[in-house]
């Protein structure tokens with residue numbers, strides 16, 4: 001897989017460059033469409049046989065690299081792809097920080113093949129690996145992580161998303177004394193930062209997109225962290241209303257057809273088999289993980305984080321275009 005590291009970095013770079021000029025335009029679907037087109041073109045220039053096993057688009061009716069789509073020149077290694085052309089299209093549309101173009105590669109049949117739906121996610125760094133169990137209440141997990149890290153609960157730092165669906169979790173954590181950092185969007189960046197050396201967070205708990213979950217799992221595994229995840233249907237994420245039930249029923253049918261289970265806890269090894277993983281994230285707007293795209297006197301500057309699981313390397317790549 002390491003031979004694909006440079007092509008992968010170029011793919012996320014091209015998607016970010018396509019989206020960036022529209023920062024602040026207010027139209028997240030336009031931004032997604034530009035990134036998807038650029039990403040597809042870049043993927044089709046790579047000498048490999050790629051297959052999108054999980055991708056974003058269906059939840060919010062955005063453009064997409066569709067699940068099952070074959071990309072690449074048709075020769076070379078067979079590769080599973082998990083993709084989110086822009087994680088945080090709303091943030092780009094509103095001119096806000098922490099938007100990324102992200103993608104992960106792994107050998108064929110290595111990544112969880114699932115619909116684009118909601119996923120509950122729990123991530124810790126290597127020092128707390130083995131201390132999480134998503135089938136337990138969040139409060140139990142927070143206590144177990146604090147114990148594994150040798151920290152009192154009031155020193156534990158949990159990152160999540162500032163979404164109504166997570167308000168109960170935020171309340172649970174704060175009642176324990178845990179310090180909660182609620183981001184507007186961006187759980188891929190939060191997952192990586194949780195596993196980062198000198199990490200700002202000890203644990204990540206979110207309910208977000210399944211594509212971002214599988215992409216995050218690739219980075220978490222490459223960084224030696226731990227993660228568990230659970231697919232949940234639209235009613236469980238958004239509320240049990242009449243208009244949501246049809247979507248939830250369709251999601252459950254798609255899961256059955258793909259051979260995955262709703263409300264089953266998946267371990268990190270079930271999300272990502274093996275360690276031959278590549279993860280790439282290019283900043284669109286500035287954030288904690290990587291810098292956003294910047295206009296300079298000599299051109300446009302991008303910054304990309306490239307993580308290799310086989311050799312557990314992390315590279316920050318600054319490019320001038």
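The backbone N, Cα and C atoms fix where each Cβ goes, glycine too.
Small disclaimer: the values here were computed from a predicted structure and weren't measured.
Site annotation (Swiss-Prot, ligand Mn(2+) 2) includes 84, 87; from 171, 172, 212, the additional listed residue is 212.
From the candidate list 118, 201, the residue Swiss-Prot records in the substrate site shared with 87, 88, 89, 163, 164, 165, 185, 186, 187, 209 is 118. The Cα of residue 163 (substrate binding site) lies closest to that of 87, out of the binding-site residues 32, 84, 87. DSSP assigns residue 163 (substrate binding site) to coil, not to a helix or a strand. Reported as a whole number, the C-alpha separation between residue 84 (Mn(2+) 2 binding site) and residue 32 (Mn(2+) 1 binding site) equals 9 Å. Between the CA atoms of residue 186 (substrate binding site) and residue 87 (Mn(2+) 2 binding site) there is a gap of 6 Å, rounded to the nearest whole number. Annotation note: residue 186 (substrate binding site) sits in a coil segment as assigned by DSSP.
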